[in-house]
Structures are given as C-alpha cells and as structure tokens.
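Database features, via TrEMBL:
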type     : residues  : note
DOMAIN   : A:21-178  : domain 'Cytochrome c assembly protein'
TRANSMEM : A:16-35   : transmembrane segment
TRANSMEM : A:55-75   : transmembrane segment
TRANSMEM : A:87-111  : transmembrane segment
TRANSMEM : A:123-142 : transmembrane segment
TRANSMEM : A:154-174 : transmembrane segment
TRANSMEM : A:194-215 : transmembrane segment
Amino acid sequence: MNSTAVRSVGTPSTRLFGLLAIACMTWVVVGGLFFTPADLNQGESVRIMYVHVPTAWVAYLAFIVTGVASAMFMFGKKHSLGFDRVAGASAEVGLMFMAITLISGSLWGRLTWGTFWEWDPRLTTTAFLFVTYLGYMAVRGLGGSPQQRARRSAVVAMLAVLEIPLVHFSVVMWRSLHQRASVLSTDGDIKMDGLMLTTLFVGVIGFTCTFAWLVSHRQRVMAMRDILLATQLDSALNERIAEGSQS
Amino acid sequence: MSTSPNIARVARVVAAKDLRIEMRSHIVVQQVLPFAGLVMVMFAFALDNDDVLQRVAGGLVWLATLFSLFIVVQRSYAIETSDGALDALRVAGVDSQGIFLGKSAALFVQLITLELLLFVLAVVLYQVQLSLAGLVLLVTCVLCATAGLAFVGTLYGGLTAGAHGRETLLPLLLLPVVAPVVLSATRATESAFLSGGAVLADGWPWVGVLAVFAALFGIGGLLSFGALIEE
C-alpha cells in the first residue's frame, strides 16, 4: 500500500448517516426556531424540547447499545474486540448527549418550573447514569491490553445495568413517600400541533443518525489505535530480536 | 482454571487471613475508627443544632460509613497488591468466587464493627432514641445494608486494585452504585429512630430494597469477580 495515498475515512453507511443527519438537523434548526409555533403555556421555551427530547432518547439508546455490546463481548464465543469498541464508542458519544440532555433539561426546568433541578426519579436516574458512565470511561482508560480493557469495562457496563434500575426504583420510592408532585405530570401539558410533532420526530431521527455516524467513526479510530499498539509491540519485538542476532 | 471443590472453605480461609492481618496491623482500630468518629463530630460542628442533628442522625451515620468504606476497601486490596498476593492466589488456582466471598466477609465484619461505633456515637452525641421494635428494624437494616456495601466494595475494589489513580477512581465508581444503599438505609434508620415524625412500619420496605441490592450484587459479584481479577 502506498503510505502517501489519501484514503477515504468514510464508508457508504457512514456517508448515508452523515447526510441524513445534516438534512434532519437543518430541518430541526429552521423548523424548531422559526416555523413551529410557541406553546400556549410555556411560550418560546418549548423550543428547547426539539433538542432535549431527542438527545435524551439518544443518550438512553447509547447506554443500551453499550450494555448489549458488552454482553455480546462477554458471552460471545470469540470475545470479539469489535463489540468492546462499539460499547466504548457508544458510551463516549452517549455521555456527550447525556450532558446536553441534563443541561438543556435544567434550563428548560428553570423556565418552566422555576428551578434548575427537581428530585424527580427520571432526572435523578439520568444524573446517576451520567456519573456511572463517567466511571465506565475512567475504567476504559486504566490501561492494560485491549482484552483486559474489554473484560473490565464489559463487567462495569453490565453492573451498571443492575445499578440503574435499583437507583430509579429507590428514588421513585423515596419521592412517593415524600410529598410533592412529580414533574413528570407537567410533561403532558404541551399540546403539540402537527408541525411541532413532525419537527420533534425529525429531531429524533437526526440525532439518532448523528449518534450512528459518530459511533461508527469512533469505533473505527479505536480499532486503528489497537492495531497501532499491536504494530508497535511487534516492531519493538523485531528490533530486540534483530539486536540479539547481531550480537 | 481452578476447580476448587469447596468455595466456602476458600472463603473462610481468605476472610480469616484478611481479619488476622487487620488485627495485627491495627489499621482499622487505630486509624479508620477514629476517622469515622471524627466525621461524626465534624457533622455536629457543621450543623450546630441539636434538633437538626437528631433529625438527620441516620443519614449522617450512613455517610460516615460510606466515607470509611472507601478507606477500608482500599486497605483490603492494598494488602493484596503490594506483594502481588492477589496474583499469587490466582496462579495457585484458588477459586475466584471463594476469594470474592472471603474478602466480602472480612469487609462485612470490619464495617459492622465500624457501624456499631457510629450508632453508639449517634446515641451519645446526637441524642437519638431507640425502642426495642426500632432496634430490631435497625439491626436488620444494618445487616442487609452492610452485606450490600461489602459485596460492591469487594467487587469495585478488585476492579481498581493495582490501577493507577485508584484512590480517586474507587469513589467515582462506588458512589453511584451505593446510592440506593445510602438512600434506603437512611430512610430505614430514620424510621428506627422515629426521627422527624417517621413511622416504624415505613422502614421495612426500605430493608426489602437493601436485601434485593445485597442479593443482586452478591450474585453479580460471584459471577463477574473472576473476570475482573484475571490479568
């Protein structure tokens, strides 16, 4: 292979996801900011929904993908590192979307309910999910061979699948015993017209395509890094062997 | 791969070894227990109100336990990794499930000792009241919560053992996981103390959550601990 040749970094599927993402996002920006009406109760602040709802969906999707890919690594016969890389890439991208969800939700909450934060089960679980996956990323960065990294992080991802429902359940129990209506009940107040619903739906597709596009590129970069590590090890071994044969 | 026929025997030996090391080194008695006691005193300084202290005593006891948990877990693995003892156990073919149960049991005993001190301090310093029925609830709560803490502590301690920056990584990993324990144990303890108008009967569902937590992470730990410590 000619090392100076310019190689394409995309594949037909990444290009498709990329183009779909651009088209949908353009619709969301233009439609969400200019063409959709303001909400009767919430006014202009309802436009945050076009970012908040799709990013929340993608964030949860990302962590499901991480959990499933981790389980496939652990229980698959070959313990394929491909699944580990998809799990890692998905968690990384999911963390970014979850940060956007938390920030946009908190701003929306300030405008709608008057507070940045409510101890609502869904909000609290989302925050815990965010911190849990920060820990997951830290475990991925612990070092060691790719197989070690994959095994450790797969166990953490699968333990998170145990942890998150428990956190959610205990917070639900906590709030149900401690007065105050859940903020969830106010979510249903938005009366959506056709264009609002369509824009939201396009947003969900657009953010999902962005997620797929980012994950497919990120896992490819991870694969190249693993190959590079292996190549460096091989070349170092060959150098030592060559030194040995000279002496 | 190990084919040890008797996990319980391995667990007993590992637990006895860990506890023997702790009894001889006096680290828990001379450092961890005074630390936990000091945390309780600091809470009193920070809150500076007898009524508030009485109201939140349950939460403060579990927070002090949590802070001490990090130290005890790190200590539990420091004795394993400093001389490569954990690797030696694995190379010797010792069953990983036995190691998990043994280290959890040793951690359980140390945490129970610590909590006993903390509850005595809560009665003395924060003036909480405890009835006989409350005591039954409290003891059940402490047993279930401590089992859960010991299992997750052993599990995540094993994960970070020998890693760079484990002192900071362990709290980051453990805190979100033990959040249901802190929440449930605090509510159950408040019911046992009848603090802030809490009702005794409200405490038992929380003990149920603690038992489920301990069972889930006990099983999860048994199944995954081997994969974590294999290098």
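Keep in mind that glycine also has a Cβ here, set from the backbone N, Cα and C atoms.
TrEMBL: automatically predicted annotations, no manual curation.
The stretch from A:16-35, A:55-75, A:123-142, A:194-215 with the most CB pairs below 8 A to the transmembrane segment (A:87-111) is A:55-75. When each of A:16-35, A:55-75, A:194-215 is checked for Cβ pairs under 8 Å to the transmembrane segment (A:154-174), A:55-75 comes out on top. Through the fold, the transmembrane segment (A:194-215) approaches residues 14, 17-18, 20-21, 23-25, 27-28, 31-32, 35-37, 46, 49-51, 53-55, 57-58, 61-62, 65, 86, 89-90, 93-94, 97 of its own chain, all at least 6 residues removed from its boundaries and within a Cβ separation under 8 Å. Long-range Cβ contacts of the transmembrane segment (A:16-35) within its own chain (Cβ-Cβ under 8 Å, at least 6 residues beyond either end) map to 10, 47, 50-51, 54, 195, 198-199, 202-203, 205-207, 209-210, 212-213, 216.
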